[in-house]
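Going by Swiss-Prot, these are the annotated features:
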BINDING   10-17, 23-24, 62, 89-92, 100, 116-117, 185-186  substrate binding site
ACT_SITE  11  active site, tele-phosphohistidine intermediate
ACT_SITE  89  active site, proton donor/acceptor
SITE      184  site 'Transition state stabilizer'
């Protein structure tokens, strides 16, 4: 049976991950640790014999720079890359820039968990005159007002990620190309929910660690057979637990 592999990588730790702040579409860069995580992901992929024909990422530098570091370790810096806003992190609305633990102290752990992980729950909206509104950013100049979010739930994130998967990424896999996607915690959760047909309760508890390659294997009908992380299982579990705890009061 022919097996097709897809590699997903959540960006390495960002400066705002390190400061435990809601990031969303705010364009922060990787922290020093995040750069190291991205390089380590590349080394793991190289050790396992992976190479690629095409890469996808978002238009946010923490994902772009993660991909650069991964490809550099693979000696594939030349690889063609498509960047799309549809792979951006979920837009966190008026929460963007706020400290997660301080927000939990103000609103309660459960409310923040729902904002972070609830399937159809949207954080408080930005107004369009807010400097954080993506309509003020030149990289989104060609998008319509209807496409530009003022806040997003995971359900709304799925509404942009899944069509992009089906219309753009999946056809490339079906053509036989080897693909890597470097994206974000929630855009990847959106894709994982779709691929694994996960329920809303299941996705609430799913946390994707930073900078760890997640490999999906598909059968000849492009149905997922299995998926697994590359690396030390205990370390990966600890990183996923740390992601889950970010939204709790101190």
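Cβ from N, Cα, C; glycine included.
Everything Swiss-Prot records as a feature, shown here on the structure.
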residue : record                                          : Cβ contacts under 8 Å, 6 or more apart
10      : substrate binding site                          : 182, 183, 184, 185, 188, 208, 209, 210, 211, 212, 214
11      : active site, tele-phosphohistidine intermediate : 30, 34, 38, 60, 62, 63, 65, 66, 182, 183, 184, 210, 211
13      : substrate binding site                          : 30, 31, 33, 34, 37, 210, 211
16      : substrate binding site                          : 22, 23, 26, 28, 97
24      : substrate binding site                          : 89, 90, 91, 92, 93, 95, 96
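Taken residue by residue with DSSP, residue 10 (substrate binding site) is part of a strand.
For the recorded site, residue 185 (substrate binding site), the DSSP three-state label reads helix. The recorded positions examined here are 89, 90, 184, 185; by Cβ neighbour count within 10 Å, the least packed of them is 185.
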